[in-house]
Structure formats: structure tokens, C-alpha cells
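J.: Take this structure first; my questions come after.
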Amino acid sequence: MIRALQPKHVAAVIRYQNDPLKALKTFNQVKTEDGFKHTLETYKCMIEKLGLHGQFEAMEDVLAELRKNVDNKMLEGVYIGIMRDYGRKGKVQEAVNVFERMDFYDCEPSVQSYNAIMNILVEYGYFSQAHKVYMRMKDIGIYPDVYTYTIRMKSFCRTGRPSAALRLLNNMPGQGCEFNAVSYCAVISGFYEENCQIEAYHLFNEMLKQGICPDILTFNKLIHVLCKKGNVQESEKLFSKVMKRGVCPNLFTFNIFMQGLCRKGAIDEAARLLESIVSEGLTPDVISYNTLICGFCKHSKLVEAECCLRKMVNNGVEPNEFTYNTIINGFCKAGMMQNADKILRDAMFKGFIPDEFTYSALINGLCNDGDMSRAMAVFYEAMEKGFKHSIILYNTLVKGLSKQGLVLQALQLMKDMMEHGCSPDIWTYNLVVNGLCKMGCLSDANGILNDAIAKGCILDIFTFNTLIDGYCKQRNLDKAIEILDTMLSHGITPDVITYNTILNGLCKARKLDNVVDTFRAMLEKGCTPNIITYNILIESFCKDRKVSEAMELFEEMKTRGLTPDIVTLCTLTCGLCSNGQLDKAYELFVTLEKEYKFSYSTAIFNIMINAFSEKLNVSMVEKLFHKMGGSDCAPDNYTYRVMIDSYCKTGNIDLAHTFLLEKISKGLVPSFTTCGKVLNCLCVKHRLNEAVDIINLMVQNGIVPEEVNSIFEADKKEVAAPKIVVEYLLKKSHITYYSYELLYDGIREEVWNNNGRSLLPQDPYKQAQVRFWADYVQKQVFEGLFLLMKTEGEAQEKAIEDVKEKLKVLEEQGLKDLLAEGSTFVNGDELGYLDIVMLTVLGMYKVHEEFFGVKIVEEEKIPVVFSWLNRLIEHPLAKEVAPPKEKVLGFLHFIRQKLLPSQAAA
């Protein structure tokens, strides 16, 4: 005999069916079974399943059927469940509608129903509405319970009133409600949110003293608040206390701690915590790995993020859309598009389907990389995949085009998106307006703004600030003020950025009266100035030589609680120095260092050093220079120039000479003027050898006129360059005629040429041969290698044979005469001109062979070239300058991708 179908069986089937629509189909089918009738249990299971999966329309249909078949007074639990389902999906109004309909359908709400709707309202920030519901509940005689008070306390804490929440907590026993861990933790969280750490910690200890210990779920909510603020240390302190009372962490606890560590930048510590999860008998889930991967990507540790992904897969945890999108976005932001493509291909092979976020990351990365053709290709691929109405993708491409200065294409894209039924939003307009302003096309930007207004687009402050900034940069301040008026007429209140932009524009235009008026208007409108505002004002007064007024502003700024920054100090110091108040400038310099522990910049030292140098106060110049070294500020080109100038003016040629040599040794390039001053001083003192050495250093470090760089041959450069430099210095009045004569005589006596050996042979015939074969290697052999890079297949094979043939010609017709028997190199035992050229072209031939997978230099066919080339490679100088093999391979791969037609098309 077949047993009748029971409601509990149907409820079990619905509960375990993952697909809500299949569950609904089963639910409807069993109604046709003889003798079967749905009960409250089956209806409740079906409604819960549909609500959980967001199938609200179907859920409402089942609810309507339920009302007809079951006594409505029994349905409060169902209504509470539906409210919570709507709440989870952010559908607050729908949740309120359900609550309001309960009385209509003869289901009187109890305190549980009121708690449910109040909690939803508080969660989504509708605090005043939640308070009205609470007052309504009290008016009809329903007494609050502990959960009501907890929701009220949470509302107070969310609105920044933890002290009010604490008073309510203390009043709970008088209202007949006992404390519990949830209510305590709600208030503790509120204090932590408001950075009242001492009060929060005290309340936590008070809770424990009363014998109330939160369970792990309640505790997790508390530490989530702390870790979200990056305060992991405080979380650990609380955690150690509850662990002593038997509370054991779960996986969610570890995940919260990992999020906190990643938020404060302790990524390595978060990685170690992930390892320790296993030792606690827990298995990391997708959230654990995603947290760490997200942390790695945010801190540009992309190799580690990829390793974490591999480890995740190896440990049997399947990556989700967030995992792949996070890593792809990380590589795209870093400009590593090949790595992003590789991750995407692997992900798609495993079943991942790129979504809107994936395409947006790829388009953004390609745009930042300047590869607009590929960015467009990815965009149109996304369109074909069904993202035709994606405002995010359109905005990403508009942003990329505008950033690359392709504003006309961005405007065309705006038209295309409207044709496809996708209306531009405020971000679209802002991106195009910003692009036009950067190009100086302000009238066009204004036209776009008017178009946006005509189409009913609600403009934001960014739109107006962008236009105001554009007009200020063009010194069209009247138009900037006009835009400000338009902004006010649209009900948008100017912020500090708006006023700072206008103030800066007025300051640059030297309109001090307008600067003061605008600042007063800013204060009258209730806009609080920031440090940038005061820096602009101080600069304006200093430029107008009103330093006392600037100092007054400085004091006003401090009374407002604003901390001066390095810009403030530089501006004031410069103003005081320009006004001749050097002692006051130095006093300010020292005072601010003690008061605010400034990290000084090179710029501030340069201002002070230059001011004292102009007054020929060498002792203060030296004092500041030594203090600069002690402050970890590296002297720059300007510092050395001022120091050298100061010593030249005061006749201390030894220190001037020393500082010039030190400057050059640090890779800083002195000007012709600086070199000329030291040369004049040395020549006056008849220190000719040192003066000629300076000319030598100038040539070696490329401090030469343009015509010297046009001399190709190294030997000619060695001979001609010093003479040309001396003539140039005289022509530009950097040295006196007296210095010129001395220097020219010194050079003519071959002081310069005695410093080293020529790269070319002494014999004129051999010189000509070396130049010919060097030119041959540079043009013929290098051209053949370049051809290898941009060909493939038969064309590449032909190019390889061509290179080999040219090397054979070099061996049989060139080296036969040039490489004497027993000689290591063409120039004897030292590297010469042809040796260096050969090293430049074929010094990395082994890497080329590995890259192309062919032999280029074969010992059997060209033994002389082979042995000569390998001797060159083994030379200490060649080893010193040779780049790493991986770097060369990467470069070859990059160049080949760019040059190959097939790769370029892809």
C-alpha cells in the first residue's frame, strides 16, 4: 500500500532544493495530489526559500494563497521572516509595507514584529523613522524587551551618541530587562566607532565582571568594528580575555582578523595567520583567501597574490568571481596587462565568465598603458557579450579616452551610448568636461555642462569645480566667478576646494583685495578653511611683501587647530628672506622644527642657504648645509650651485673646487655658469692643472655644447671637445679672456691627451680600416639582427642566413688584417673602437640564440669571430655593464611583440 504524501515530506523537499523555482514547481505540483493539502509548515518553507533567493514576486503570490487557507492570526512569524528577507536585499520600503499590512490582514504585530522592522530601519540609517515606530509601539501599550532596547542603543551609537546608549543600558534593569552580551556589545561598539577606546574597554571589563560573556557570533561583530578601523591590537586584547572564559574562535573570527591586518598594511602577518588557521583545526574558505589576495593586490604585491591563488586551488578551494576580478584588476592597475590576460585565460578555462567588473578593469588597464586600440577591442567584445547598457563600461572608456587627450572620440562615444539606449550619467559628463578643461577647451566644456542641465542630469560639485579650475588656470577669473554663481543657483554649496581654486587663481593674478574679499565670503558661507587655504593666502601676502599680515594669518591658522606643513614653512621663510628678515626666518625655521617635528625638505634649506649666501654670511651657509645633512635631506643641484657661488664670492677657491668635484661625483650636472666661476678663480690663482682637469671632467660627464655631441668619432671628440668647451665658455661670458688664454694654452700642451689612451690605432690606414668595419657591424650586422626581430617563418630563416653571411665576410675580409696574431683585441691588449662596437651589437648573442632557438655565431664556420667575441664578453668591463639575461629576454619579447605584424594585429 502506497503511503499518503505528508506535508513534512514536501517541506523537506523544498528545504533541500537549491533552485527556488524548481522548489516552487514541486510546491505547485503536489497540490494536484489526491488528499494533499498545504499546511502552514509547507507554506512557510516555500516563502522562506523564495525570499532567501530574492524571488519576491513569486513569494507574494504564495503569501496571498497562504492568507486564504490559514488563519491570519497565526502568521506573525511568516511576516517577520518576509520583512527580514526584504531587509537583507535592501528593500526597506517593501519591508515597511509588509509591516503596515499586518493589521489589515488581522495579524496584530507583537514586540517581535516591531523589533524586526525597527532593526531594518536602523541598519539602513532610517533612524528617525525607527524612533517613530518605537513611540507608536509604546503608545499602543506594547512593552519593549531586551532586543528593543538593543536596537535603540544601536541607533544611538550609529548616530554618534554612545553616551546616550550607555544611559539606556544602565536604565534597562529599571524597565524590567536584564543585560545581555548583545546589548553590552552594541554600546561597546558605539564607543569604539567614536574612538572612545578607554570608555569602550572599561565597559567591556564591566560586562565580564558581571559574568556576561559574549558568544563567538556576538564577539565577532564587536571585533569586526575594531578591525574595520585597523585596530587589530585592541581586538587581540579583547580576544585574549574572552578566550580565557572558554570562547573559541571560528573561521569567521580569523577572517575578521585577516581583514584588519590587511587594512593596516600588515600583509605578511595576515599571510601567517592564514597558515595558522589549519593548526586550529579549521579549513580556510574562499573568504579567507580572497581577503589575503585583496590585501596583496592593494599593496602591489601581485606575485604573492598569484601564489596565493595557486595555493587556494591546490588546497581545493574554488576561486569565485571576486577572486579572479581582484587579481585581474591588480595586474591592470600595475600596467601588467600580459599577466592579467594570462589569469583571465586560465579563469575562463575553469569556467569563469568575465563580468562588467572584469571588462572595466581590462579597459582601464589598457587605457592607462596607452593601448587604445586594444581597449576599444575589449569594449566592443563586452558589448557583444550583452553589456550594451553598461554605464560603467562606457564611463571607463570615456575616462581612458579623455585621459589620453582623445576628447573628440570620448564625445563620439557619448553619442553612441545614447543611441544604444544608455543615458550618460553625471560621471560621464564630468569625465568629458575634465578632459576638455585639461585641453583648454573651456567653451566646449561649458557647452557640455549646459547640455547636461538641459537633459535633466543632476550636476554635482565636481562638475563645477572642474570648470572653475579650468577658467582660473586661464586667468579668466570673471568667468570662474560666473560659474560659481551658476553653481549656487543650482543649489550646490561651494566647498573648500571651490574656494581654494578661486583663491589660488586670484593669488596668481596678484589680486590681493579680491583674495581677502573671497576669503571673508568663504567664512560667511560657513565653509571652513583648511591648510591649503591658508597656504594660498600666506603666499599671496608674501608676494605682495606684506609679511606681517602673512604672519598674522599664520597665527590665525594655528588657533583654528591647523598644523603648518612644509609648504607653509617654505612660503613664510621665502617671504621673510625676501623682505630682508633673515634672523626672523631662521628663528621660525628652528621653532617649527621643535614644535611640529618637521621632516624638512631640500627646498626649505635651499631658501635659507641662498638668503644667507646673498648676504655673504658664509658661517650661516655652512651651518645650514651641515644641518641639512643631519636632517636626511640630500643637497640637490641648486644647493651645490649656491654653495659654490658663495665660496667663489668670498674667495675660498679650495672649498669652491671641492664642492664642484663633489657635485659631479654625485651625478649632479653643474651649469656652464658654475663651472666658469670656479675656472676663473683657479686661473686667477694660476692653478692651471686643476682648471684643465675641470674641463676634462666636463667633457667626460657630457657638460659640453651641442656641437660637441655632433662629433661622432671618439678620437676627434677627445681632441676637439676641450677646445670647443673653452671657446663656448668665453663666447657666453662664463670665463674671462685671461682664463680663456690660460686654458687654451694648457689644452694645446696636451694636458688633456695625457690622461688616457686613444681608442683608435695610431696608423692612419688602420684607423680607416677600423672605422670602415665598425660602420659595417653597426649597419649591416645590426640591420640583419633587427630583421630577425620583425619576421617569422621563411623570412626569418632567410634573415638568419643573411646575418651569418655578413659575419663570415667580417671574419675573412676584416679581422684577417685587423686582428694580429697573438692579439687579444683589435686594439692590442686593451679594448678599442671596433671591439666596443662589436660588444654593443653582439655582446648578448647567446641570449639572442636562446630567444630565437637558432645558432647565430657558429664556432665551426667563423672560428675567429667566435673566439674574439667570447674574449670580448669575458672582459671585466663588458661583464660589469652587461644587463641580466632575464631583462634582455623580456626586452626582446616586448620588442618582437611590437614589431611582428601578427602580434600587432592581435
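Placement of Cβ uses the backbone N, Cα and C atoms for every residue, glycine included.
From TrEMBL, for reference:
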- 763-891: domain 'GST C-terminal' (DOMAIN)
- 75-109: repeat 'PPR' (REPEAT)
- 145-179: repeat 'PPR' (REPEAT)
- 215-249: repeat 'PPR' (REPEAT)
- 250-284: repeat 'PPR' (REPEAT)
- 285-319: repeat 'PPR' (REPEAT)
- 320-354: repeat 'PPR' (REPEAT)
- 355-389: repeat 'PPR' (REPEAT)
- 390-424: repeat 'PPR' (REPEAT)
- 425-459: repeat 'PPR' (REPEAT)
- 460-494: repeat 'PPR' (REPEAT)
- 495-529: repeat 'PPR' (REPEAT)
- 530-564: repeat 'PPR' (REPEAT)
J.: Could you tell me what the rest of the chain brings near the repeat 'PPR' (495-529), counting residues at least six beyond its ends with Cβ under 8 Å?
T.: 461, 464-465, 468-469, 471-473, 475, 477, 480-481, 484, 487, 536-537, 539-541, 543-544, 546, 560
J.: Checking distant contacts: for the repeat 'PPR' (250-284), what same-chain residues at least six beyond its ends satisfy Cβ-Cβ under 8 A?
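T.: That would be 216, 219-220, 223-224, 226-228, 230-232, 235-236, 239, 291-292, 294-296, 298-299, 301, 304, 308, 315, 317.
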J.: Do you know the DSSP helix, strand and coil residue counts for the domain 'GST C-terminal' (763-891)?
T.: 94 helix, 2 strand, 33 coil
J.: Across the repeat 'PPR' (75-109), what does the pLDDT come to on average, as a whole number?
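T.: Average per-residue pLDDT within the repeat 'PPR' (75-109): 89.
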J.: Within the repeat 'PPR' (460-494), how many residues are helix, strand or coil going by DSSP?
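T.: Summed by class, the stretch gives 26 helix, 0 strand, 9 coil.
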J.: Please give the sequence-distant neighbours of the repeat 'PPR' (530-564): residues at least 6 beyond its ends with Cβ less than 8 Å from one of its Cβ atoms.
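T.: Tertiary neighbours of the repeat 'PPR' (530-564) are 496, 499-500, 503-504, 506-507, 510, 512, 515, 519, 522, 571-572, 574-576, 578-579, 581, 592, 596.
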